[in-house]
């Protein structure tokens with residue numbers, strides 16, 4: 001049978017919750033949960049753009065990512081105390097930023113910078129995909145706030161983006177790996193797609209064994225289905241403001 | 001009348017909530033709320049002690065403090081990205097660590113280190129006092145866990161410690177300053193006490209005007225009363241395990 | 001017509017040169033050239049393994065990546081002078097390291113660490129794929145050297161790995177993007193494969209527009225063909241020692 | 001008897017010397033000695049203010065603190081070589097800066113920044129309180145110099161500030177702890193007061209045992225008396241220029 | 001006999017090769033070889049000058065130095081990964097910069113900065129002297145380029161500078177020490193001279209034993225002779241453009 | 001006439017004072033003054049040697065150098081606050097360390113490390129030469145202390161080393177440049193010699209114009225004479241203990 005050790009079907013994602021307005025100060029604030037994985041995503045709007053964009057009349061969207069030291073099974077060192085962000089952190093926050101920018105028409109944003117902070121409160125696999133999925137909702141909320149304030153006239157959000165991790169575990173293609181699967185997967189692949197099912201990022205890594213073309217196709221099909229479900233959750237959290 | 005702009009009486013603290021087991025992985029995990037101020041406190045137990053204590057047969061308790069970038073009204077730079085912790089962060093985490101150690105008999109802890117991470121999810125004044133108050137509960141939970149595991153035989157927690165900020169605002173001594181009061185106070189004072197009302201730390205700072213001996217006494221009296229109330233909340237959250 | 005601005009056919013890679021023994025001191029040393037892109041890859045063998053592997057009887061392979069400040073069109077700041085490696089550098093060196101480890105049976109390596117340094121002498125697009133392709137040859141040379149020294153008995157290299165960048169440029173799927181293509185591509189995808197055509201890493205990024213399933217398939221097909229050609233170059237550089 | 005191990009009466013401070021013009025280049029330069037504790041305080045006047053004050057027409061006073069590596073009993077690592085200032089250093093320099101600003105009317109200073117460097121030549125307890133006491137004199141000298149230069153018209157120094165450490169040692173409240181007392185004190189408290197005896201900072205820390213309200217009062221009374229003596233030394237060093 | 005272990009006569013330098021246009025992007029690019037020592041020198045022209053020179057109408061020449069991790073017999077840590085440049089690196093790049101500036105009339109350069117990067121591809125002793133010798137040629141090429149572009153009218157290069165290491169090895173004064181000599185020399189001296197034989201830098205260091213006045217004179221005589229030979233190589237590489 | 005602007009004869013050094021036991025804690029402590037230049041040199045003895053010397057039965061001598069922020073005419077940034085030591089600092093402390101080691105038989109020192117900290121209290125030119133001259137005396141004091149403690153049996157100090165700056169100023173060779181001369185000198189040369197007049201270090205730098213062989217000889221002659229005078233001061237400060 002194709003059931004996994006975790007009890008889910010191969011194409012079954014964990015329960016997803018997106019709680020808007022989780023904190024008070026940010027222009028957009030979302031707690032996103034994929035099962036036990038919990039990420040707080042806040043979108044902050046600031047006037048001005050980075051130096052390399054000044055005077056071009058367009059805006060910028062960027063992201064930062066962090067894990068609370070005891071979001072994980074054993075405590076990790078705090079990156080602020082170590083004095084630098086690790087390679088994994090930088091890789092993930094670059095990925096989140098690129099994914100969000102792919103959903104935006106930065107010319108319509110005007111000379112504003114939106115910084116989306118994704119902080120992992122609790123980790124159980126898939127923090128980067130939960131982060132992208134939640135960050136897009138926080139971004140949408142921040143944009144609604146900007147529209148209410150009259151800071152922008154047209155909606156710069158072209159589409160929604162969501163992300164899922166898929167992989168080969170015990171020879172099976174499965175969706176939304178939780179920690180115990182993630183740490184034993186033969187292959188791990190993160191896929192970011194638009195609401196229309198077009199691809200923004202595909203990052204597949206052979207952990208224990210190379211993967212074949214057929215396995216790639218199987219994983220991509222799962223990703224497509226799961227992302228459709230995630231987008232439905234996003235639409236519900238955002239409401240009719242952006243449709 | 002002595003009512004404050006925030007509507008509270010001078011000796012009235014904000015609603016306090018202490019939620020145990022807020023996250024899954026830590027040996028002790030508490031979300032503490034003083035009104036809108038929310039701090040996640042996790043206590044992590046690790047074998048071994050820092051180098052300067054090795055071979056002395058005693059344990060160690062330390063603390064780290066951080067603020068999520070958008071826990072505040074306007075976004076702060078992420079310390080991990082800046083590559084160092086600021087002076088305020090270091091000052092606060094040293095204060096939390098000293099306060100917790102004052103409640104402990106480290107000889108009874110054995111050669112274990114308990115690290116309490118205090119991460120501010122949302123800030124509205126008094127984050128360091130909320131952190132100390134919550135951290136002590138997380139520490140108590142971690143110690144209960146160690147007792148259940150048979151790692152320690154006798155309880156190393158000698159007492160409970162809690163903390164409150166008091167200050168002079170518009171000429172009045174008031175307790176538990178929220179952000180709008182904190183930013184305009186003439187004097188700001190953080191007081192850490194044991195459950196018995198003995199002092200662990202007193203840190204008073206004249207912000208706008210020096211303070212007199214009488215004002216100091218008035219603020220200390222408020223602190224004593226408020227800390228009694230906080231200890232009652234702590235006892236309720238900890239339960240009968242430690243009495 | 002399907003010819004590109006650069007004059008090459010869509011599936012035509014740039015002239016590839018792999019010069020072994022380019023420098024004297026390293027156990028394996030290779031200059032790899034993809035057109036004007038030139039990367040020096042040196043493999044250094046050192047006794048011992050990182051802390052997390054000690055006592056497990058296995059070896060380790062890791063990689064570091066750097067660009068000379070004026071390898072690029074305009075001068076970049078030197079990372080050593082800035083005091084930290086950027087996110088792109090870390091991302092690339094992690095990718096190279098993972099790719100090389102996928103080709104190795106680390107249990108057969110014994111408690112040695114092989115560090116492959118990939119330093120870009122001249123950049124014209126595709127530095128990371130050239131680096132992986134050359135690094136694998138430098139690694140093979142270092143392993144031959146270890147065998148000659150009697151440090152290992154069986155060959156820990158299971159296969160060869162090579163890498164190519166493919167992408168969508170002006171609506172066409174093309175292989176081995178040079179700088180002018182890279183900077184205007186709609187999609188950029190780096191693919192790492194084994195000599196057998198199995199996938200080690202697939203990293204596709206939509207730069208200007210999302211990509212479709214069909215485009216993904218077209219790019220993968222090009223990658224497969226190009227990597228076959230690269231492996232032929234690798235075999236020639238390595239000689240009969242590893243077959 | 002109430003005599004201490006060091007031979008002083010409980011309320012007896014160590015011999016105090018304040019040497020003005022100790023070095024040549026600074027606008028204000030003072031060597032302050034509390035017994036064997038020696039701190040060089042130099043005040044430097046620079047045009048301009050930090051970014052957050054620009055255009056407000058007011059000035060700024062800040063402080064930096066350091067210890068020479070062998071100012072202490074055993075050699076400490078040089079912070080410049082370690083690449084960062086420790087938490088204790090930051091805490092102390094923030095305290096000195098706040099204390100000095102409490103003595104100033106920054107609006108009368110104009111857009112100048114005065115930086116007071118406090119460098120410990122020899123440490124024997126009480127370096128931060130000696131630093132504050134000496135820094136205030138160096139600041140006064142720098143202000144006199146500014147007046148002579150015609151850079152300011154009215155005196156921005158509202159009062160003098162001085163500081164003393166008091167504590168509970170062997171059950172006795174004592175003033176001006178030297179190193180051997182400091183390292184065994186039950187409680188250590190630093191008090192900063194104005195010449196009028198109003199409080200600027202009170203920082204009491206239970207080192208070995210919590211302290212009672214009565215002990216706090218006893219320590220504060222000692223502090224008041226000692227600071228009166230210190231202010232007399234300051235006035236003598238400053239001369240009639242500021243009275 | 002006065003022949004050295006390496007087979008060269010005491011005043012015989014290693015074969016020197018200066019290859020111009022070694023890489024494509026830099027305004028001046030030279031690979032300089034002193035025997036097995038190989039250094040890539042690239043000169044980059046950028047508009048503007050450092051802050052301390054702004055508005056003075058003059059230019060600036062500076063240098064940076066680095067070693068590839070496996071340019072040496074055993075692998076060195078990468079300075080970018082360690083997060084700082086070592087003392088030796090800083091010392092060398094300051095020396096190169098000063099030497100180049102001594103050859104220039106910076107007033108004739110206009111408000112441009114020329115940065116010469118010297119990266120050691122392979123080290124066998126004398127990397128800093130090879131770097132200076134090659135850097136001067138790269139600088140000359142960059143200046144020719146600026147003249148062709150019409151950026152400057154008169155030639156700011158007043159003379160050529162070259163450098164050689166001399167030393168006392170086994171009691172003999174010898175020129176152009178290679179690694180095996182360098183590591184056993186009693187005295188090591190680096191000399192930078194102009195084409196006219198005037199001294200720019202003399203840095204003599206007693207490694208194993210102090211050196212006498214007579215030994216200093218003997219080493220200087222060797223340096224003069226060797227630098228004459230190096231200048232001949234430089235002139236050949238530069239061609240008639242600068243004569 | 002050959003008198004300088006500063007009023008001294010060309011071969012006349014500034015008044016030299018060497019005050020032993022300037023501070024209490026260090027095993028050797030010296031304040032050295034060359035005119036207005038004042039440097040505190042403390043020698044600290046610690047058990048053990050750096051990793052690269054372990055088990056070889058020999059000792060180590062090293063030096064660190066720093067300037068107090070306002071030791072100079074205008075305030076310099078504090079290196080501890082900037083988070084790194086500059087190139088000049090590293091260059092100087094490496095020079096001091098090498099010079100001191102040249103005076104020592106490290107085999108006779110046993111497995112101890114002596115760290116000499118040279119901190120500039122006031123700068124007026126020649127800080128590095130004053131530092132070397134004073135550091136050697138502090139080192140001698142520390143060695144006497146070790147002998148008194150019975151830590152070493154034979155004296156590891158083979159000779160004394162002292163240093164002077166000489167230079168070409170307004171066409172004249174002069175000795176012991178003070179700040180106003182140093183900043184306008186055509187050539188600046190630092191010379192370190194043993195008591196016997198043998199050379200340890202010669203570092204000559206053309207600042208404004210290259211220097212000739214004859215000028216070099218003139219400067220060296222001045223250095224020899226001045227160092228003889230400095231050694232006499234050293235001997236007086238050390239006393240008969242080391243002769």
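Glycine is treated like the rest: Cβ placed from N, Cα and C.
TrEMBL annotations:
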DOMAIN    B:12-142  domain 'Exoribonuclease phosphorolytic'
BINDING   B:88, B:126, B:127, B:128  phosphate binding site
DOMAIN    B:160-225  domain 'Exoribonuclease phosphorolytic'
Note to self: Counting across all protein chains present, how many other Cβ atoms fall within 10 Å of the Cβ of residue B:126 (phosphate binding site)?
What the structure shows: 28
Checklist line | Sparsest-packed of the listed binding-site residues (B:88, B:128) - C-beta count within 10 angstroms | finding: B:88
Note to self: Residues other than B:88, B:126, B:127, B:128 within 8 Å, Cβ to Cβ centroid, of the phosphate site?
What the structure shows: B:65, B:92, B:120, B:123, B:125, B:129, B:130, B:131, B:165
Next item on the list: Take every residue in the domain 'Exoribonuclease phosphorolytic' (B:160-225), average their pLDDT values, and give the whole-number result.
Entry: 96
Next item on the list: Output, ordered by sequence, the same-chain residues six or more apart from residue B:127 (phosphate binding site) with a CB under 8 Å from its CB, or 'none'.
Entry: B:37, B:39, B:67, B:92, B:120
Next item on the list: Reduce the DSSP letter at residue B:126 (phosphate binding site) to three states and note it down.
Entry: coil
